[in-house]
Amino acid sequence: MDSPSGPRVLSSLTQDPSFTTSPALQGIWNGTQNVSVRAQLLSVSPTTSAHQAAAWVPFPTVDVPDHAHYTLGTVILLVGLTGMLGNLTVIYTFCRNRGLRTPANMFIINLAVSDFLMSVTQAPVFFASSLYKKWLFGETGCEFYAFCGAVFGITSMITLTAIAMDRYLVITRPLATIGRGSKRRTALVLLGVWLYALAWSLPPFFGWSAYVPEGLLTSCSWDYMTFTPQVRAYTMLLFCFVFFLPLLIIIFCYIFIFRAIRETGRACEGCGESPLRQRRQWQRLQSEWKMAKVALIVILLFVLSWAPYSTVALVAFAGYSHILTPYMSSVPAVIAKASAIHNPIIYAITHPKYRVAIAQHLPCLGVLLGVSGQRSHPSLSYRSTHRSTLSSQSSDLSWISGRKRQESLGSESEVGWTDTETTAAWGAAQQASGQSFCSQNLEDGELKASSSPQVQRSKTPKVPGPSTCRPMKGQGARPSSLRGDQKGRLAVCTGLSECPHPHTSQFPLAFLEDDVTLRHL
C-alpha cells in the first residue's frame, strides 16, 4: 500500500516551478504499484531541479528476484537470435534467387525485413538491461527502443494483412487482378505499409501519449497505464486500426479463400472421371487443405502472439491498471516480440521453392531441412512446365508465367503462386467465363504433343489489335496497359486465318511477361 503522504508529496513535486517531470518518470509512477519504486520517486526534494531529479532516480528498479530478470533476458536473447538468423536467411535466399523475386514474394521479403529489424533493435537492449536489472540507456534510449518496437511491429501486422488481401484477390478475383501484379505497384503498397506504421508510431514524440518504461523497467513501450483521456484515446485508436481491424481483414480474406477452394473441390467431385483422374484431384485437394491449415496457423499465431499484450493494455485502458503486476506487463511483451520468429517458418520454410533455394545457396541448411536442390529442381521445373502446357492448351485462360524459365525454379515461382492458388483461381476464372470446371479435358494421355504451344522469346509481346481481333466475351477485363506499347481490352482471334498477327489466342494479359510469349506452331 502506498504511503499516505504519497499523493501530497507528488503534488508538491509537480507544483514546484523548478521541477518538470519527464514522460519517463511519469510512466514509472503510473506503471507500477510497487512501494519501493514510488518511494524512490517521492524521496526527491521539492526543491530539487528537474536535471538533478533525473540524475537521482532516472530509472529505478523493481523489487523482484534476480532470476526473474535473468530468465526473461535469456528468453528474449534466444528469441532475438532465432529471429535475426531466420529472417536474415529469408532475405539472403530471396535476394540470391532471381526466381523468387516476384511481386507476391516481395511481401514476404518485407515481412522478413521488419521482423529482422525488430529482433536487432529489441533483443540485445532488453537482454543487457535484464543482466543489470535496470534500464541502462536513459530516456532517449527508452523512446528510441519503444519507437522501433512500435514501427516494426505495426509493419509486420499490416504486411500480414497485405499478404492476405493479395492472396484473396489472386484466388477469388483472378480477372480483377489483370495488369495489377507488377513490382512497381507492389512497391507502392509496401511504401504505404511503412508510412502507415510511421503514422501510428510518431504521435508519442509530439505529446499524444508517450514512450515510457514498462513491466520490470528493463524495456519500454507506449504509455498505456496513465488513465487520462489523451492517453486512452491513443490506446483505443491504436488497437482499433493496428490490431483489431487488420485481424478482421485477415479473417475475412481467408474465409473467402477457403470457400473458393471448397467450391473448386466440389466441382471436381461432381465430375465422372477415371480413377486416375480422381486420385489426382484428391491429391490436389489434400494440397489445398494443407495450405488452408498453414493459413489457419498464421492467424492463430498472430492472435496468440499479440493477444496477451493487447489484453494487458486494454485492462489498463479500462481503468484497472492497479491489478497489473510487473510480470503481467513484461511477459506479454516478450511473447509479442517472439512473433518475429514465426513468420520465417510459416511463409518461407514451408514454401517449396524457398526450400529448394536454401538447398542451392545454403547446402548446410538444406541438409537440415531434408531438401536436395539438385534433385528437387528438375521435378519442380517439370511440374511447373507441365501445368503451363496443360493450361495454355486446354483453357481460354492460360496462366502464363515467368521469365527465363531455365534459370528459375519454374514458371510457378515466377508468379509466386502455389498449386492451391492456381487451382482455385482456375476454378474462379472458369466460373467467370461461364464454363464448367469439369469441362476441361486435362488428362496427360489426352494431350497430344503436336498441339502443344512452343515458347518463343521476344522483347515485346505481340498482342492482337482491336482492328483485327474480337474482344473476348464474358470476361469484362479491361487492363489499362501492357509492357511494350500495347494497350486495350483482352482480345482473342476467332481463327488464325482472320488475324495476321502471330500470337497465342485466349490468354490474360496480366500474366504475360515482357520477354516470354507463346506462339502457335
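Heads up, the Cβ atoms here are built off N, Cα and C, so glycines get one too.
The model shown is predicted, which means the values in this text are computed figures rather than measured ones.
Membrane topology as recorded by Swiss-Prot puts Arg98 and Tyr354 together on one face. The cysteine that Swiss-Prot pairs with Cys142 in a disulfide, picked from Cys95, Cys148, Cys220, is Cys220. Residue annotated by Swiss-Prot as N-linked glycosylation site (from the set Asn30, Asn87): Asn30.
Assigned with DSSP, the residues of the topological domain 'Extracellular' (315-329) fall into helix, strand and coil as follows: 10 helix, 0 strand, 5 coil. Secondary structure from DSSP puts Cys220 (disulfide bond) in a beta strand. Counting same-chain residues at least six beyond the ends of the transmembrane segment (238-258), those with a Cβ under 8 angstroms from any Cβ of the stretch are 154, 157-158, 160-161, 164-165, 167-168, 171-172, 200, 222, 292, 295-296, 298-299, 302-303, 306, 310, 313-314, 424.
The distance from the Cα of Cys142 (disulfide bond) to the Cα of Lys337 (N6-(retinylidene)lysine) comes to 16 Å. The number of other Cβ atoms within 10 Å of the Cβ belonging to Cys142 (disulfide bond), over all protein chains shown, comes to 29.
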